Amino acid sequence: MNVKKLADLDVAGKRVFIRADLNVPQDEAGNIVEDTRIRASLPSIRYCLERSATVMVTSHLGRPTEGECRAEDTLAPIAVRLGELLGKPVRLIRDWVEGGFEVRAGEVVLLENCRCNKGEKKDNEELAKKMAALCDIYVNDAFGTAHRAEATTHGIARFAPVACAGMLMGAEIDALTKATENPARPLVAIVGGAKVSTKLTILKTLAEKVDQLIVGGGIANTFLLASGKRIGESLAEPELVKEAQAIMDMMKARGAEVPLPVDVVVADEVSALARANRIPVDEVGPHDRILDVGPKSSAKLAEIIAHAGTIVWNGPVGVFEHNQFAGGTKMMASAIAHSEAFCIAGGGDTLAAIAKFHIAQDIGYISTGGGAFLEFLEGKKLPAIAALEARFAD
């Protein structure tokens with residue numbers, strides 16, 4: 001993928017408009033409870049400030065009604081936190097689309113919630129042109145919204161004098177390209193989660209590329225059904241058994257594999273107090289719920305991971321939130337941490353597992369995108385990246 005990158009541009013004295021993803025969780029009082037996304041935006045902002053650029057940053061926050069900016073929609077708490085992290089005050093500019101505000105060289109301002117502007121979500125061309133007129137260089141650093149064609153992620157990139165990827169966006173593109181376009185083999189994908197239906201496209205796409213497709217959670221239960229196993233009262237989608245079988249057949253025809261559990265951890269309920277039993281997969285009873293893979297299966301998965309050249313990880317293999325059902329995900333996480341392979345991981349549950357088992361420093365790249373990460377792996381064109389590609393030659 002060819003896109004211009006911020007690090008390759010001379011931004012000195014230029015007006016730089018950065019679309020970041022500062023959509024952080026807040027409590028009922030509006031206090032920020034987790035600031036990873038704000039921290040992830042700092043390298044691009046600092047790069048521009050250190051070179052005496054005039055820096056404008058905007059982001060969405062939540063799902064405001066266009067044309068309104070209620071108290072819960074404001075980026076004011078973000079401006080305070082950003083200022084603390086940068087060690088300098090960050091002014092919040094409201095009603096900024098028409099311009100009329102001053103920003104000094106070496107100063108950064110935060111432009112109020114971009115989704116409060118009428119036309120943002122529909123990628124309105126007139127709005128995009130007005131925003132493009134505010135800057136000399138447009139920087140997209142919001143990979144988490146790259147799958148959405150909106151005025152600040154797509155339209156502005158068409159009309160700004162220069163359009164480029166920020167530090168974070170560039171790193172995401174590089175890591176995903178490394179994992180998917182010319183990966184070191186064997187290529188192993190781990191896809192966990194509750195439902196095949198939400199991951200069907202990605203499973204089909206990966207089945208055409210990977211050497212091993214490890215499935216976990218409710219997804220694995222549907223594959224077990226397809227292979228003729230009894231799963232008791234486990235979460236599954238019987239109506240998608242044919243699709244699961246087709247994916248296994250596709251893998252087999254390529255000489256690849258979907259390694260299914262030979263033993264499982266079951267209980268009669270999903271709770272912190274549930275009693276866990278380890279049993280062979282052929283002994284699952286009519287009222288059992290499969291909530292994790294067993295130790296033999298975990299060891300097999302760990303061996304597959306140990307021999308991988310590239311690992312793409314999206315989702316746990318068990319209900320790891322409860323310790324008695326965390327063994328499979330824990331062993332898999334440990335295997336990834338000790339692997340020589342390049343690993344890219346993404347998705348909320350995956351990030352929670354990485355945090356729980358303290359392996360963040362051992363993962364090659366942790367993606368900040370949820371839906372964008374999945375759509376990239378599905379092989380879809382992400383509108384925001386496509387817009388940057390279209391401006392590469394300018």
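Each residue's number is its place along the chain shown, starting with 1.
Cβ atoms are placed via backbone N, Cα and C, with glycine included.
In the three-state DSSP scheme, R115 (substrate binding site) is classed as helix. Per Swiss-Prot, substrate binding site is recorded for D21, L22, N23, R37, H60, L61, G62, R63, R115, R148.
As annotated by Swiss-Prot, ATP binding site applies to K199, E321, G347, G348, D349, T350. Taking the Cβ of E321 (ATP binding site) as reference, residues of its chain lying under 8 Å away and at least six apart in sequence are, in sequence order, A352. Reduced to three states, the DSSP call for E321 (ATP binding site) is coil.
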Review point. Per DSSP, to which secondary structure element type does G348 (ATP binding site) belong, with helix, strand and coil as the options?
Key: helix
**Study point:** Inter-residue Cα distance where the pair is K199 (ATP binding site) and G62 (substrate binding site), in Å
**Key:** 24
Exercise for review: Fill in the CA-CA distance, K199 (ATP binding site) to N23 (substrate binding site), as an integer in Å.
Suggested key: 24
Practice item. Taking the Cβ of H60 (substrate binding site) as the centre, count every other Cβ atom within 10 Å, in any protein chain shown. Key: 26
Study note, to complete from the structure: Of the binding-site residues listed (N23, T350), the greatest number of other CB atoms within 10 A surrounds the CB of T350
Exercise for review: Using G347 (ATP binding site) as the reference point, find which of the binding-site residues D21, H60, R115 has the shortest Cα-to-Cα distance to it.
Suggested key: D21
